[in-house]
Amino acid sequence: MRKVAIYGKGGIGKSTTTQNTVAGLAEMGMKVMVVGCDPKADSTRLLLGGLQQKTVLDTLREEGEEVELEDIIKEGYRQTRCTESGGPEPGVGCAGRGIITSVNLLEQLGAYDKEWGLDYVFYDVLGDVVCGGFAMPIRDGKAEEIYIVCSGEMMAMYAANNICKGILKYADAGGVRLGGLICNSRKVDNEQAMIEELARKIGTQMIHFVPRDNFVQRAEINRKTVIDYDPTHGQADEYRALARKIHENKMFVIPKPLEIEELESLLIDFGIAN
């Protein structure tokens, strides 16, 4: 079973990218579990046809200790197994702590057991690695390969670089490696070349460039992944390509994060900053 975590700046399109990629893997016949590690609990909605599933933490709050696996895992598109860790009540407690509680519970209840025949588990993780809870999939060896969703926007690249610092910190202890950058295009000038260069400097690859297409939003409004909504659309092929590249990927590295000056000079070289 391959254990994959998807990181990236808040709002970059991690959940959308994760679900569309998982749909591509499921279409290839892979058995995938998606663990949403975001208090918004929107990491599985498209795979479940718009169903906002009850989170692990909400279930724990209501049911107490008497939680069964079927209470917190729902089956989605092509038998994908979907669960959401959820978060504390707004203004109370720590969301990162919630992820730790949820993943530990999933393990105790046997969600990862061989009987499920899982080929992949995907962790869709909130934003930047700024707190220990969100770093948990990296830190505790829950995830072994990381993909960072970014774009040619400065803050997305800054976040990607920060996440690399988190991977570097835990690479020796947890055995986690960076599998590549996924460029979720924002139609920034020279975007593809810039992310390829950023990847090269960090010591990794841009595993795929996902072009911007409003069809993704149309599929989302219809509560589906692109592959589910219209398998013949060109954007569906982009996610299939990304799924295939992840499936065939052999390049797993300990990243070399850039100093802020190097990152800024990259932006200047590509005409984003002056």
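Cβ coordinates are placed from backbone N, Cα and C, and glycine is handled just like the others.
Database features, via Swiss-Prot:
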- G8, K9, G10, G11, I12, G13, K14, S15: ATP binding site (BINDING)
- C94, C131: [4Fe-4S] cluster binding site (BINDING)
- R97: ADP-ribosylarginine (MOD_RES)
Q) Can you tell which of the recorded positions (K9, K14, R97) has the fewest other C-beta atoms within 10 angstroms of its C-beta? A) R97
Q.
Using a 10 Å radius around its CB, how many other CB atoms surround G8 (ATP binding site)?
A. 28
Q) How many whole Å apart are the CA atoms of G13 (ATP binding site) and R97 (ADP-ribosylarginine)? A) 23
Q) Quick one, of the binding-site residues I12, C94, which Cβ has the fewest other Cβ within 10 Å? A) C94
Q | Those binding-site residues listed as G10, G13, and which of them has the most Cβ atoms within 10 Å of its own Cβ | A | G13
Q. For C94 ([4Fe-4S] cluster binding site), which of the binding-site residues G10, G11, I12, K14, S15 has the nearest Cα in space?
A. G10
(Q) Under 8 Å between C-beta atoms and at least six apart in sequence, can you list the same-chain neighbours of S15 (ATP binding site), or say none if there are none? (A) G36, D38, D42, S43, R45, D124
Q: Quick one: of the binding-site residues G10, G11, I12, K14, which has its CA closest to the CA of R97 (ADP-ribosylarginine)?
A: G10
Q. Are there residues of the same chain, six or more positions away from G11 (ATP binding site), whose CB falls under 8 angstroms from its CB, and which are they?
A. none
